[in-house]
Amino acid sequence: MVTVRAPATSANLGSGFDVFGTALSRPADVVTVEKAAETTIEVTGVGAQYIPEDPEKNTVGAVVEALDAPARIHIDKGVRPASGLGSSAASAAGAAVALNRLYDRGLSRKELVPIAAEGEAVVSGVAHSDNVAPSILGGFTVTTAEGTRSVDAAIPLVVCLPDVAVSTRDARRVVPETAPMDDLVETVGNAATLAIGMCRSDPDLVGLGMDDPVVTPERARLITGYDEVRERAFDAGATGVTVSGAGPAVIAACRDRDRRRVAAAMLDAFDGAGIEARAYQSRIGRGSTILDE
Ligand SMILES: Nc1ncnc2c1ncn2[C@@H]1O[C@H](COP(=O)(O)OP(=O)(O)OP(=O)(O)O)[C@@H](O)[C@H]1O
Ligand SMILES: N[C@@H](CCO)C(=O)O
């Protein structure tokens with residue numbers, strides 16, 4: 001038996017659509033696997049009632065197939081589904097790390113990234129790796145067709161999750177098919193700024209680089225209260241604010257001393273819009289961890 005804690009993640013960070021991701025220090029899924037002749041999946045925890053236990057429909061089923069590793073699997077969800085916090089990816093990442101160990105497949109963490117991404121194709125139609133990569137590797141990750149690069153960074157984050165669901169599949173439908181050259185230039189500049197900020201663990205540069213003129217404005221429309229939440233977070237000291245993943249969670253970078261104030265301001269703004277929410281005072285964290293074997 002192997003048990004793995006797989007963290008929530010935030011993809012995109014504004015300027016890095018389908019490329020950037022960060023592991024969050026909290027929340028997390030806990031995935032336990034045991035060898036079995038046939039694969040079965042049991043899901044408990046936050047939002048478990050919305051998650052299929054059929055291996056064909058759960059992200060973990062695709063990982064089992066890819067590793068040829070049938071197992072009895074228990075997923076204890078800490079990451080709510082359809083949150084923008086890489087819920088589907090956390091389970092897939094945890095299963096990939098756990099099954100690799102259970103069956104002694106000997107794959108490196110980086111080699112497990114495309115395997116876990118197969119699970120994302122099951123739910124969103126695209127095997128994007130920007131959530132599974134940080135959930136497996138930890139830190140700040142950059143994923144391209146050439147593979148994944150990662151760096152540890154110490155950046156305080158606040159993630160505010162409203163009590164509404166947005167599916168990644170739906171949120172991908174509003175992404176523009178093309179972008180004007182000016183927007184492309186702005187996005188490249190922001191993404192490069194953010195990457196330098198991560199390498200220097202500088203929350204000001206990271207926040208500055210989180211702006212995105214192409215994808216985020218379209219997705220923000222799906223989140224009631226987004227503009228107010230963003231403004232209030234900046235007023236409270238956030239250095240950057242954007243949609244987390246496909247939403248509806250909103251993520252802010254800040255300094256340690258401002259984290260509580262930013263969290264309170266974001267919650268208050270959602271409350272003003274009539275939306276219940278919860279805030280995670282988080283930071284960039286480590287990747288999947290084997291808890292027990
Ligand atoms: N193991 C799993 N954990 C969570 N959701 C799962 C899992 N397997 C299948 N799903 C399905 O995936 C969907 C949630 O995934 P989705 O990508 O929409 O949200 P998310 O992972 O929280 O968001 P994002 O990718 O934007 O961070 C739900 O429909 C859920 O039923
Ligand atoms: N990059 C993906 C992440 C989903 O969490 C998207 O934004 O659709």
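Any Cβ shown, glycine's included, is placed from N, Cα and C.
Annotation comment: TrEMBL describes 60-139 as domain 'GHMP kinase N-terminal'.
Here TrEMBL flags Arg80, Pro81, Ala82, Ser83, Gly84, Leu85, Gly86, Ser87, Ser88, Ala89, Ala90 as ATP binding site. Within the same chain, the residues at least 6 positions away from Ala90 (ATP binding site) whose Cβ sits under 8 Å from its Cβ are Ala6, Pro7, Ala8, Thr9, Ala28, Asp29, Gly78, Val79, Asn131, Ser135, listed in sequence order.
Residue counts for the domain 'GHMP kinase C-terminal' (198-269) by DSSP state, with H, G and I taken as helix and E and B as strand, are 38 helix, 8 strand, 26 coil. Annotation comment: TrEMBL describes 198-269 as domain 'GHMP kinase C-terminal'.
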DSSP-derived helix, strand and coil totals, residue by residue, for the domain 'GHMP kinase N-terminal' (60-139):
46 helix, 8 strand, 26 coil
Taking 8 Å from the centroid of the Cβ atoms of Arg80, Pro81, Ala82, Ser83, Gly84, Leu85, Gly86, Ser87, Ser88, Ala89, Ala90 as the cut-off, which other residues in that chain fall inside it around the ATP site?
Ala8, Val79, Asn131, Gly245
